[in-house]
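Here the structure is laid out as structure tokens; the discussion comes afterwards.
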Amino acid sequence: MKFSLFFSVFFLAVLHACLSESEIDLEDEEHFMSSDSFLSEIQDESRGKTCIERNKECTNDRHGCCRGKIFKDKCTCVKNGKTEKCVCTQKKWAKIIESYIGDIPALPKPVDDKCVPKHADCSKRKDECCKGGIFKYQCKCYDMYDDDGEKTDLCGCVSPVEHQAIEGALRIAKKLIGDRWGR
């Protein structure tokens, strides 16, 4: 009896702690609501960089190689004594696939907010999310209640779980194929 009483009180205490909101929780929500999408700012900053063209040196910036028609070029390094030279190259399997498929039109970039980027607010334009890797992002909304009890929507362009799983599986397959045939 004492054992079950102890665990029931313990369970109620944990349940109360989980369901109660503190002032810190409310401040975090206000900060999230007031700040624009942090991830979109990072993405905008990274888009501003210029990429290194194919067959050019990439020793100082190994992740800055440009994209080919479909796949991103890789920085391949060769050690010559103590010095190391790196050049942006295209993997053999990527070259074969790109030559087989041919020209693929480039994905349209968001110009003048024609589409809503990932993790940005899409509450007013729910059908205008940009395209991700393979699939188009979808606008997902959550109900938020402020201190006055008024309901507002918090919406953002996100990738559904099933799309993330498919893209992840394709990334792994691409890596496995690249490790076997690309070197």
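Every residue number used here counts from 1 along the chain in the order it is shown.
Cβ coordinates are placed from backbone N, Cα and C, and glycine is handled just like the others.
Keep in mind the model is a prediction, meaning the values are calculated, not measured.
Summarising the annotation, Swiss-Prot assigns signal peptide to 1-20.
Secondary structure from DSSP puts Cys51 (disulfide bond) in coil. The feature disulfide bond is assigned by Swiss-Prot to Cys51-Cys66 (among others).
Note: Cys75 (disulfide bond) has non-local neighbours Ile52, Cys58, Arg62, His63, Gly64, Cys65, Cys86, Val87, Cys88, Thr89, i.e. same-chain residues 6+ apart with C-beta under 8 A of its own C-beta. Sequence annotations record features per position, and here Swiss-Prot assigns disulfide bond to Cys58-Cys75 (among others) based on similarity to another entry.
For Cys88 (disulfide bond), the count of additional Cβ atoms within 10 Å of its Cβ stands at 22 [all protein chains shown]. What Swiss-Prot lists as disulfide bond is Cys65-Cys88 (among others), and the listing cites similarity to another entry.
Taking the Cβ of Cys86 (disulfide bond) as centre and 10 Å as the limit, one finds 19 other Cβ atoms among all the protein chains shown. Among the features that Swiss-Prot reports, disulfide bond is placed at Cys77-Cys86 (among others).
Among the features that Swiss-Prot reports, disulfide bond is placed at Cys115-Cys130 (among others), with the record citing similarity to another entry.
For Cys139 (disulfide bond), the same-chain residues 6+ apart in sequence whose C-beta sits under 8 angstroms from its C-beta are Val116, Cys122, Ser123, Arg125, Lys126, Asp127, Cys129, Cys155, Gly156, Cys157, Val158. Annotated disulfide bond per Swiss-Prot: Cys122-Cys139 (among others), in sequence order.
Taking all protein chains in view, 25 other C-beta atoms sit within 10 angstroms of the C-beta of Cys157 (disulfide bond). Per Swiss-Prot, the feature disulfide bond maps to Cys129-Cys157 (among others); the stated evidence is similarity to another entry.
DSSP gives Cys155 (disulfide bond) a strand state. Residues or ranges marked as disulfide bond in Swiss-Prot: Cys141-Cys155 (among others).
Outside the region 'Predicted alpha-helix' (164-177) by six or more residues, the chain places 93, 132-135 with a CB less than 8 A from a CB of the stretch. Under the heading region 'Predicted alpha-helix', Swiss-Prot lists 164-177.
Residues or ranges marked as tryptophan amide by Swiss-Prot: Trp181.
When the region 'Predicted alpha-helix' (164-177) is classified with DSSP, helix, strand and coil residues number 14 helix, 0 strand, 0 coil. Among the disulfide-bonded residues Cys66, Cys155, the residue whose Cβ has the fewest other Cβ atoms within 10 Å is Cys66. Ranking the disulfide-bonded residues Cys51, Cys58, Cys115, Cys122 by how many Cβ atoms sit within 10 Å of each one's Cβ puts Cys122 at the top. Across the fold, the C-alpha of Cys66 (disulfide bond) and the C-alpha of Cys115 (disulfide bond) stand 24 Å from each other.
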